[in-house]
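K.L.:
Straight out of TrEMBL:
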{"type": "REGION", "residues": "26-48", "note": "region 'Disordered'"}
{"type": "COMPBIAS", "residues": "38-48", "note": "compositional bias 'Gly residues'"}
{"type": "TRANSMEM", "residues": "82-105", "note": "transmembrane segment"}
{"type": "TRANSMEM", "residues": "125-145", "note": "transmembrane segment"}
{"type": "DOMAIN", "residues": "336-532", "note": "domain 'Glycosyltransferase 2-like'"}
{"type": "TRANSMEM", "residues": "503-532", "note": "transmembrane segment"}
{"type": "TRANSMEM", "residues": "659-675", "note": "transmembrane segment"}
Amino acid sequence: MSRTPNHEFQEWWNKQRERNHDLFSAASSDEDPSTSGNGNGNGGSVGGARGGNAYHAVDVRGKFSDQTVEKSRARSARQIRFFYFLKLQQIASSIASLAGASLSVLRTANRRIVASPTDSSSSRLYRIIKFFLILVIVLLGFELLAYYKGWHFSPPRPSVGSKELLDWLGLVYASWLDIRANYLAPPLQSLANVCIILFLIQSVDRAVLVLGCFWIKLRGIKPVANVEYGKECLENGISDDYPMVLVQIPMCNEKEVYQQSIGAVCILDWPKERMLIQILDDSDDIEVQRLIKAEVHKWHQRGVRIVYRHRLIRTGYKAGNLKSAMGCDYVKDYEYVAIFDADFQPGPDFLKKTVPHFKGNDDLALVQTRWVFVNKDENLLTRLQNINLSFHFEVEQQVNGVYINFFGFNGTAGVWRIKALEDCGGWLERTTVEDMDIAIRAHLCGWKFIYLNDVKCLCELPESYEAYKKQQHRWHSGPMQLFRLCFIDILKSKVSVRKKANLIFLFFLLRKIILPFYSFILFCIILPLTMFLPEAQLPAWVVCYVPGIMSILNILPAPRSFPFVVPYLLFENTMSVTKFNAMISGLFKFGSSYEWIVTKKLGRSSEADLVTYAEKESDPTLQTGGMHRSSSEPGIADLTRSVTGITKKSKRNRLYRKELALALILLTAAIRSLLSAQGIHFYFLLFQGISFLAVGLDLIGEQVS
């Protein structure tokens, strides 16, 4: 079938051929003569039909098309090579960055090992850990020799009379296998089973608390005040309806934070004639005393009813300070006392949200509020602390407050009925946890507590591991002192059997003794030993799955912290050595259990919140007509300016020998687990060992150059 030649296409093609003469002349020279003359090849049938135009049709659809495809393929190959080159460059850059970071960490660790002071770990626990470390290193060397000789596949059977060293070592190894299988593994397995049972009981308790918190959230359960101090009293200019409130701030050498706390309580929204502020200064630094006196004098001149008290002899620490202040004659004129530590900054409406709950609840002794932290995102240590404390307040305190009207007083950010304090004997100096002590005695006297999760008080987390470790030691040794002292009182008290059981088994045994005991023994002692005594075993669900689920439950109240769930799990196990040591020292009255060290603060302040308060004060729509405030706008301005003048105290990072020794134990056990091909145990031991190493080198928390 013949077709009319396309002259327009022919004309266009001729122009293109002239422009690319060199290219197509080379193509023509390579062309097969039979293809161009007969019209065969790729366009043979088309060329035969078109006659004189066959050559051009074949050229367009055949040779030129093939060259375009080849060029496209060449470009694709170059692009692929370039793509892989970029990927390799990115990988090399990542490896270089990782190597640089690792080198920096190694240099920091080496510098700390050479120059930094170590903690004074001359305790019995450290000596036991050091002996344990030597033992596992010797066992690892023995196991490596056995692995090299193949004894782990078939135990050696050397002759007793042989004098060859290898035969003698084989005899020792064969005896070791018999001893560990028949004498060491069974008691270790029994201890592991006991710890597993305790672990499961504590996990069930934690799960029940979480379910209780979910139910509270689902039902919208929260305490409701019977009265409200607000607009009506303000419009009528009535202040006599406001009860008399005493505000106490105990402090000791709190140079970094005294201005923030004093300024925050001086702007509390409460009639100035119905409130008195006591600054209870136990500082032994003359310069700090002078600064605090000047700050108190400044606010006193502005009309705030504020007094400064200083004890010459600091007996009883915080409990002695509070006891001395409550002995003043004018205290009898006050009905409630609000207590704040030196780094706490209550909001202006704090008293209006807490004091009304006492009206109509004559058996209510305490209203506790929640802590929120201005420096929770400062470093990894503060993030992990925030997870722990968020669970404590959101779950533990809230559930216990709603269902049993009892929980441990947190020592600050709470309001007490003074009559309840007097009824249970007041502040006692017998322990380092005076807050828990007075809460238990008030509970045994029949008083009730309320926890307000929606009332928040700003405070500061310790940013260095040294400060955090000392704080945790006090928090875990004090309850053991208290348990020894009040156990008989609990049994003799007139409260119900249910409340006695809750105090003894849940409050003390399960949450204060069992938790640090099994955490340390199970994951830091038994787990490494099972690598060298494989006849005793820990299931994978004990090592990984249940702890992972518990960590997820703990992190639920702080959902933004979910990326830190693995570091949180590892860090909690790392802190178990400090908590276990504190628990033992408190239970058996070792010397360090009565040591009180004030947690160092850096003066972090939520400046944005203080500025917001200042803006509210300056807004005429928010000011009250008949109410005399215990503050002034210039005072708030001074408060917001004071937070910028804080300077950090010079200090140094330390080395922690117990943590370093346990790191070597766990890493040694990880190497041993490779010989037994125990995958999940190896990874847990490896990462837990790295966690102990980072903490032991003080690489977590505030870094001081």
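Cβ atoms here come from the backbone N, Cα and C positions, even for glycine.
Predicted automatically and left uncurated, TrEMBL annotations should be read as such.
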K.L.:
Take a look at 82-105, 503-532, 659-675 and tell me which one has the most Cβ pairs under 8 Å to the transmembrane segment (125-145).
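P.N.:
The listed stretch sharing the most Cβ pairs with the transmembrane segment (125-145) is 659-675.
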K.L.:
Please report, as numbers and ranges, the same-chain residues at least 6 past the borders of the transmembrane segment (659-675) whose CB is under 8 Å from any CB of it.
P.N.:
126, 129-130, 132-133, 136-137, 139-140, 143-144, 147, 152, 524, 527-529, 531-532, 574, 577, 681-682, 685-686, 688-693, 695-697
K.L.:
Using a Cβ-Cβ cut-off of under 8 Å, list the residues of the same chain that are 6+ residues beyond the ends of the transmembrane segment (503-532) and lie near it.
P.N.:
132, 136, 139-140, 143, 180, 188, 191-192, 195-196, 198-199, 201-202, 205, 408, 440, 443, 476, 479-480, 483, 487, 490, 538, 542-543, 572-573, 576-577, 579-580, 582-583, 587, 662, 665-666, 668-670, 672-673, 676, 678, 681, 684-685, 688
K.L.:
Considering every residue in the domain 'Glycosyltransferase 2-like' (336-532), what is the mean pLDDT value?
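P.N.:
The predicted confidence over the domain 'Glycosyltransferase 2-like' (336-532), as a mean pLDDT, is 94.
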